[in-house]
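Shown next, in structure tokens, is the structure this report addresses.
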């Protein structure tokens, strides 16, 4: 949940290009055929380790509860796919007060989208102000925002909870999302990008009679498209995978995010955990963010390497 | 910052920064200052009265064996997680750098866990390795390993470290691949012509040239292990068995939210803030200038 500090200086631009653009440049001198085979073998083993827990969860989500309770589980999917998924999605799960997983998915989607979009809007505006205007206290504001890098929720759990309950924001979408919308990472990223926009461009726009609004809408936003896409992927995942915050902010079962509800569904101590539904819920909690990462892979990789550097 | 062309506008910039500033002040600075303030107070058990006790809470925290234990747990957990996930990722990245066919495919298959919430990663691993229903736990037992993460502290630690490291492999992999591709190929080929074998080339050229990436990842992974893994601990072990997996952040949570020890929890928060500030400073000081290869 911590925003990883961003180094404001440039410097790693090359590596971004390298991740994205580098084409196969043929066999490298000194890498023998056999060592290339070994490399493939190691990579395949690595992928098995990386993918196996997810694959096995999928397998488990298609078996009956009885099969799961008698390990070892088969390596291939069973025939309960439709039964299990429809039961979890629409039937409601007893352990979490009969809330259907579709409700949880909806909550989580709202949270992830609101955090991603809200954060992008808030940060692009403040970065715009800090880079393209001169006003008293400009640098003070910049530092106020910057220092929030050092104040992750984890280090101020109880006081934050107190503030939220005083404001009556427990069990609300506002409470789940608004506090997470302000963070320095996105602002710093936009600031860094805006600083690379040549002054001539601003001047030309002003000569042509564009005010701050026109300049923002017609020049700055189109130029920032890639950055926005990249940030969107990262922030969507950030929002989707939140744990401590929704844990503190929700009491009602129907306001839970899917990750929190999943935790509530599991008990290793007692026997009546409905494992088949747990597995279905896990899959449903994993698939949306994975899809976002895979479909937007180009921006994601670029955004990651950019934001963190 | 270089002098820039700017818009002459008096009010607009304030309106633009206002949303972020408002959220920051209300949800960051206000609670953080409350944490500092509370850390100097002691409340009676009913929360009715509190009195100012200077640094008493800090003294209590730092002399509490439970806290020292969780410091140690955190150190073991963070170092192991960072080391395991970086070592595996580096190995895979080096291999990916060697192959010609299928690089893109490998990368695509490798980045999945990034999208998995830490808590879910923990639950998946617990599902695989739970003594009662874990399919892989059966494998361990048939090898004669006595394995019970629900009762044995070391086993529990191994389990949470595995889950935490697993989730972080994708991230480290992407950065190592980027770092490797930035190393000039000519350098490596020159060494190859001079007769240096692959292992030697790795340790004498590639690894030292990766130092900036490695150092950067070390800081990021430490921060990850300190804070983002709260979900894993909370969902998988709840700090137990005993207190064998109770990390600093988990302790702040359990002392504050579960046991209602406000002053003590606040003092721990303040200590954590100091740790974050130190880490951030380290990151800026060294990563900014880049660790240089002497």
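The backbone N, Cα and C atoms fix where each Cβ goes, glycine too.
Per TrEMBL, domain 'ABC transmembrane type-1' is recorded for B:71-283.
Residues annotated as transmembrane segment in TrEMBL: B:12-32 (among others).
Among residues of the same chain six or more beyond the transmembrane segment (B:71-94), those with a C-beta under 8 A of the stretch's C-beta atoms are 110, 157, 160-162, 164-173, 176-177, 179-180, 202, 206, 210, 214, 217-218, 221-222, 224-226, 229, 243-248. Taken from TrEMBL, the feature transmembrane segment applies to B:71-94 (among others).
Annotation source TrEMBL lists transmembrane segment at B:115-138 (among others). Sequence-distant contacts of the transmembrane segment (B:115-138) (same chain, six or more residues past either end, CB-CB distance under 8 Å): 147-150, 159-160, 162-164, 166-167, 228-236.
According to TrEMBL, the transmembrane segment annotation covers B:158-181 (among others). Long-range neighbours of the transmembrane segment (B:158-181) within the same chain, counting only residues 6 or more positions beyond its ends whose Cβ lies under 8 Å from a Cβ of the stretch, are 77, 80-81, 84-86, 88-90, 92-94, 96-97, 107, 110-114, 116, 118, 121-122, 124-126, 129, 149, 206, 210, 212-214, 216-217, 220-221, 224-225, 229, 232-233, 236-237, 245.
Below 8 angstroms of C-beta separation, residues 74, 77-78, 81-82, 85-86, 90, 94, 164, 168, 171-172, 175-176, 178-180, 183, 187-188, 191, 196, 247-249, 275-276, 279, 282-283, 286-287, 290-293 of the same chain, each at least six residues beyond the ends of the transmembrane segment (B:202-227), sit close to that stretch. Residues or ranges marked as transmembrane segment in TrEMBL: B:202-227 (among others).
According to TrEMBL, the feature transmembrane segment maps to B:261-282 (among others). Among residues of the same chain six or more beyond the transmembrane segment (B:261-282), those with a C-beta under 8 A of the stretch's C-beta atoms are 32, 34-43, 47, 50, 53, 57-58, 60-61, 67, 219, 222-223, 226, 248-249, 251-252, 255.
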